[in-house]
Amino acid sequence: MGKKKFERTKPHVNVGTVGHIDHGKTTLTAAITKQLAKRGRAEFVPFDQIDKAPEERERGITIATAHVEYETDKRHYAHVDCPGHADYIKNMITGAAQMDGAILVVAADDGPMPQTREHILLSRQVGVPYIVVFLNKVDMVDDPELIELVELELRELLSKYGFPGDDVPIIKGSALRALEADDPEHPDTKCIFELMEAIDAYVPDPVRDIDKPFLMPIEDVFSISGRGTVVTGRVERGVIRVSEDVEIVGFRPTFKTVCTGVEMFRKTLDQGQAGDNVGVLLRGTKRDEVERGQVVAKPGSITPHTKFKAEVYVLKKEEGGRHTPFFPGYRPQFYFRTTDVTGIMTLPEGVEMVMPGDNISTEVHLITPVALEKELRFAIREGGRTVGAGVITEIIE
């Protein structure tokens with residue numbers, strides 16, 4: 001079978017496998033690629049190739065992640081799988097692999113385990129919107145009642161962490177048997193196709209960045225004589241058109257102005273959209289009224305804040321992080337989008353210190369207001385060196 005070029009006409013969705021160690025995440029990933037490859041929908045990626053995923057650096061943090069892709073009738077999927085538990089935590093906190101839906105793999109003979117809980121909680125915290133469950137290794141359990149119990153326990157656990165436990169699809173099967181089956185019509189492969197159908201049906205098409213309200217972090221400010229002030233940056237989401245109202249948010253009181261021009265590579269455009277590096281000309285704005293670190297946004301779409309809750313991963317010494325723990329009252333810089341702001345970290349009750357390599361839930365109080373929202377990623381830095389990564393889980397004020 002020759003390589004089929006993936007058609008980009010289908011909606012694109014990002015998914016990933018999560019769950020406890022040895023419950024079968026990587027086996028399932030390999031089985032999906034094998035069975036879909038037989039239908040010309042993927043390239044088979046064997047287990048050991050996924051397991052020996054190369055390390056990537058994301059914001060200075062080393063994460064081992066395997067990427068595979070496949071398609072169904074409805075969609076094109078990019079799927080991530082991480083070899084180690086720590087890689088998952090880093091992945092979810094840095095948003096290196098943003099997931100529109102997660103496939104939670106749970107071994108039926110084990111039931112939910114500590115990492116199962118942690119991955120569900122993290123999915124909720126970092127904003128993974130949908131979970132589909134693959135109940136693996138059902139061939140290892142003789143008693144159907146035990147399988148039902150595990151299923152009940154899982155639904156309760158999902159509900160406890162804010163997912164709709166009663167509605168979450170639970171597909172039962174054996175990833176190993178599906179991986180070993182060479183005939184795509186073999187009954188052992190049925191679970192793979194059921195899983196794909198469940199993801200197709202249950203995880204909605206994500207809202208594309210271009211359809212969200214406009215936001216561009218300011219990287220640079222210029223004044224062009226006779227024309228006014230231009231702010232440049234990469235459009236994070238949405239579309240900006242000439243003569244639309246915008247707000248400048250962060251550091252100082254928010255103010256409104258009008259976009260009087262959009263330029264890209266010195267050419268004038270009618271609009272700039274998500275992913276474009278553009279210059280936006282602002283009406284009647286002085287050069288000293290705007291600065292790097294503020295954002296240009298659709299009015300009312302984002303507000304400045306100083307206090308929030310976050311999930312944070314602290315880099316290990318080997319990752320270039322701190323060599324020593326930090327304590328309550330720690331004051332590093334928090335790097336949001338294009339700038340550093342000093343803030344104070346409050347540690348959770350009963351936590352006296354945080355060691356390199358830990359992940360914690362924390363509260364942060366910034367000394368100046370910044371345009372913030374839930375699920376925004378940030379780096380924690382000391383003197384320009386990244387020592388941690390975080391994601392906002394809740395805005396306080």
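Quick reminder: no glycine exception, Cβ is built from N, Cα and C everywhere.
What Swiss-Prot lists as domain 'tr-type G' is 10-207.
Listed as Cβ neighbours of the region 'G1' (19-26) (distance under 8 Å, sequence separation of 6 or more from its ends, same chain) are residues 47, 50-51, 66, 81, 83, 85, 104-107, 110, 112-116, 119, 134, 136-137, 175-176. The region 'G1' annotation in Swiss-Prot covers 19-26.
Per Swiss-Prot, GTP binding site is recorded for 19-26, 81-85, 136-139. In this structure, Lys25 (GTP binding site) is part of a helix by DSSP.
With a cut-off of 8 Å between CB atoms and residues at least 6 apart in sequence, the same chain places Thr17, Phe47, Ile50, Asp51, Ala66, Asp81, Pro83 near Thr26 (Mg(2+) binding site), listed in sequence order. Summarising the annotation, Swiss-Prot assigns Mg(2+) binding site to Thr26.
According to Swiss-Prot, the feature region 'G2' maps to 60-64, an assignment based on similarity to another entry. Secondary structure by DSSP for the region 'G2' (60-64): 0 helix, 4 strand, 1 coil.
Within its own chain, the region 'G3' (81-84) has Cβ neighbours under 8 Å at 16-17, 25-26, 29, 50-53, 63-66, 68, 91, counting only residues six or more beyond its boundaries. Among the features that Swiss-Prot reports, region 'G3' is placed at 81-84, with the record citing similarity to another entry.
The annotation region 'G4' is assigned in Swiss-Prot to 136-139 on the grounds of similarity to another entry. Averaged across the region 'G4' (136-139), pLDDT in this predicted model comes to 98.
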Practice task
According to DSSP, folded down to helix, strand and coil, what is Cys82 (GTP binding site)?
Solution key: coil
Problem - CB contacts for Lys25 (GTP binding site) [other CB atoms within 10 A, all chains] - result: 26
